[in-house]
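Peer 1: Pasting the relevant annotations from Swiss-Prot:
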- 1-20: signal peptide (SIGNAL)
- 21-606: topological domain 'Extracellular' (TOPO_DOM)
- 27-512: domain 'Sema' (DOMAIN)
- Asn51: N-linked glycosylation site (CARBOHYD)
- Asn283: N-linked glycosylation site (CARBOHYD)
- Asn435: N-linked glycosylation site (CARBOHYD)
- Asn461: N-linked glycosylation site (CARBOHYD)
- 514-569: domain 'PSI' (DOMAIN)
- 607-627: transmembrane segment (TRANSMEM)
- Ser667: phosphoserine (MOD_RES)
- Ser678: phosphoserine (MOD_RES)
- Ser688: phosphoserine (MOD_RES)
- Thr717: phosphothreonine (MOD_RES)
- 734-749: compositional bias 'Basic and acidic residues' (COMPBIAS)
- 875-886: compositional bias 'Polar residues' (COMPBIAS)
- Ser875: phosphoserine (MOD_RES)
- Ser901: phosphoserine (MOD_RES)
- Ser927: phosphoserine (MOD_RES)
- 965-981: compositional bias 'Polar residues' (COMPBIAS)
Amino acid sequence: MRVFLLCAYILLLMISQLRAVSFPEDDEPLNTVDYHYSRQYPVFRGRPSGNESQHRLDFQLMLKIRDTLYIAGRDQVYTVNLNEMPKTEVIPSKKLTWRSRQQDRENCAMKGKHKDECHNFIKVFVPRNDEMVFVCGTNAFNPMCRYYRLSTLEYDGEEISGLARCPFDARQTNVALFADGKLYSATVADFLASDAVIYRSMGDGSALRTIKYDSKWIKEPHFLHAIEYGNYVYFFFREIAVEHNNLGKAVYSRVARICKNDMGGSQRVLEKHWTSFLKARLNCSVPGDSFFYFDVLQSITDIIQINGIPTVVGVFTTQLNSIPGSAVCAFSMDDIEKVFKGRFKEQKTPDSVWTAVPEDKVPKPRPGCCAKHGLAEAYKTSIDFPDETLSFIKSHPLMDSAVPPIADEPWFTKTRVRYRLTAIAVDHSAGPYQNYTVIFVGSEAGVVLKVLAKTSPFSLNDSVLLEEIEAYNHAKCNAENEEDKKVISLQLDKNHHALYVAFSSCVIRIPLSRCERYGSCKKSCIASRDPYCGWLSQGSCGRVTPGMLAEGYEQDAEFGNTAHLGDCHEILPTSTTPDYKIFGGPTSGVRWEVQSGESNQMVHMNVLITCVFAAFVLGAFIAGVAVYCYRDMFVRKNRKIHKDAESAQSCTDSSGSFAKLNGLFDSPVKEYQQNIDSPKLYSNLLTSRKELPPNGDTKSMVMDHRGQPPELAALPTPESTPVLHQKTLQAMKSHSEKAHGHGASRKETPQFFPSSPPPHSPLSHGHIPSAIVLPNATHDYNTSFSNSNAHKAEKKLQNIDHPLTKSSSKRDHRRSVDSRNTLNDLLKHLNDPNSNPKAIMGDIQMAHQNLMLDPMGSMSEVPPKVPNREASLYSPPSTLPRNSPTKRVDVPTTPGVPMTSLGRQRGYHKNSSQRHSISAMPKNLNSPNGVLLSRQPSMNHGGYMPTPTGAKVDYIQGTPVSVHLQPSLSRQSSYTSNGTLPRTGLKRTPSLKPDVPPKPSFVPQTPSVRPLNKYTY
């Protein structure tokens, strides 16, 4: 239960974080008004239809004063009566014409300007009072201003200079307004547009301005709007961010304010300059761990009341070199005031970052306050402010904090399109109860978006894109380029339910709603969620107004719930060439589709995101549990398999190796199965030029025609050290023949010699260890432990001795049996204490001549060194030469008895009876090493015996092979033993050595015995 609650808590936390940092998606419009429908709307072009010779409008500004719309353009100002309902074209009622003089146009051309620029573009149109209007124009790059009467548009008074009141170029932005009888303007004050200024003129008092060429005050600004609120005048603009210069050139949106009663500074500081100028950043961004900013202010409204709060609403875009993106943000005037009461920002050195100024360093009275108000109430005018206050505000005009948007997020965003939003108009009292806020936003592509805004942070619904209107009329506006499609300004005429959309070459009048498009389909009317539309009692969809409350209507702008409504079966006529003569006809240009059953069912985005995320987490958890369980079962199964395999292999290897290594202590001869695989014999100690077979099987190997090297016979394996107990010759013969028959019949299976005991057979007490012949680096041989190599060796011998007959094979077999019989007789006589050594040597001489090995010199291959084996089986390296004969060691039979050191006895040959002989089985008797060592009685304790010079041809599986007598090592019993030799130790007898120069005659008579745990020589 605790785990479940913990998971639920984590899930809710992640959902809340996801909602907080998720980037808002673009909403699809509920309805779309395409060009075929919108081109019926009336258009104002500034010239009568058919008069194409007249210049285009060159729209500059648009202002609504009471029931008249003033449209200013190039050389002219038009008035439009809003009470008239135009049909296809908007006709101006009056026109003001103000053209530049010829001299001014010539001077403009002399300054290098194009003739199309050398005209009078009206940039300022500000009412001074109810009767007079202040008008300024560029006047061919020589700005001038005039007063006109509003009623008649007649010129009244004299021309005054437009410097610092009107820009020189029509492409430069500017704002102006009258407050308390004074003109506040913001523009550029020179021909090169390098001196940006916020300027106050006219009225009583001296003119004031911002500091010239001071980037801390303003830097390359674009002024957009100015409003009067309380004791201040607010300017909204965008500029190059001076606090961002160290990180690159970026544009920030600003709001600046000045006191209306500002009189400038003293003669020492800020004389004829603003003493109350402060500015702050407008922050329109998507919240999250890393904010996404819309920094470029494009347009902003006047102060409007939204939910009883004085608010300004602006449209912001991303940087010009960034991805296209736009947002609509609202700012409370209270939040703006709060920021101006906050901390200041400063840069201590030109290369340092901007930081906040501590409050204790802010002088009194607080900079930015208005004289006779608030903290500066004691001062009559700003001229009386202390120099410290004036100096501080001169160098610290920027506030540290930025103005946050209402609800800390944009009301609406548009980021999945290639165009940016450029203009805005807001109806803050839409709907029959005037409780909805509808935003109209223009764009660069000539598209107007109609948005039902989410104005409350506690609302369950986000903003909804109601309509997407393609407003630009290609046929009537005569666009010269794509820039002409940009919406420059929007003017709302709520009283006449119209929106005027201004382009550079025309102004189009668009109704605020298109309720007639839904006809008699109630479901479509309700699902539109348009505050201007409702289902009327007459059974049709129409526009609702506050005066229609008593008549009754049905509307659901909050949710658009149509679940209780049936489908619309009426299909409105579709016309590809609609009749646009009837304005607003219910069927003109409408393309309609039959509504499906639940097509208008809307699911809130937060609910959808929550459900999808919960399903994903649940699925991931289930999948993780399943994978974990399966993996755990699989790992356990593999461990069990590997454990069983290792146990079986360990048992097999250990038992087999034990049996093989204990082949020195073999029990009586038995016959065993031939299909049992033999484990690998010391594969880690001996190296070969051929790799072992993958299965590790070791089969019988046959000596090549040059003779099997004795090194392979050195391995202490049962095959190389047979033990033959005292038995009858007939019994031994039968066993040998039976073993030989099995070896000949099955060559591909592992072979066991009759002398080898089973892997787990107990050792016999009468067992006598045989001698071990160890490898020498001088011997050449070709060793292979693989079945394939043994098979190839056998085939090679058979191919070489191909002409031999079957009789030779039988003869070889008889000779092998005779050799075994001779060996048995020898052992029998050795165990007899009354036997005659000379008689025995006579028998040995006969058997000795039957088994001979090739000399070492006939070997052609170089054997690999086996240093590890020598180090492990011998004592530390001796001083014997590399070509010394084979070494031998005597292995004690009983582990519990301390081992004796092996004595090396050298001396001159005493007599021929001391000659050492070797008994070996033929190589075809399933021996992997090709050499078997025998046990022989010892006839003396030292001395060398001469190497016989005779050589004899022996047979290997019916093949005659010339072998020669080789020096060898053997274990020999002492004549002092009775019956079986005691298991306390063995004495070493001299080995057969090659002829070497004589050594000193002094040799020890008995070997020294040391209780060591390793063998020495």
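Heads up, residue numbers simply count up from 1 along the chain you see.
The backbone N, Cα and C atoms fix where each Cβ goes, and this holds for glycine too.
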Peer 1: Please name the residue among the glycosylation sites Asn283, Asn435, Asn461 whose C-beta has the most neighbouring C-beta atoms within 10 angstroms.
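Peer 2: The largest 10 Å Cβ neighbour count belongs to Asn283.
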Peer 1: I need the CA-to-CA distance for Asn461 (N-linked glycosylation site) versus Asn435 (N-linked glycosylation site), whole Å please.
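Peer 2: Here the two Cα atoms lie 15 Å apart.
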Peer 1: Between Asn435 (N-linked glycosylation site) and Asn283 (N-linked glycosylation site), how far is it from one CA atom to the other, in Å?
Peer 2: 27
Peer 1: DSSP-wise, what's the residue breakdown of the domain 'PSI' (514-569) into helix, strand and coil?
Peer 2: 13 helix, 9 strand, 34 coil
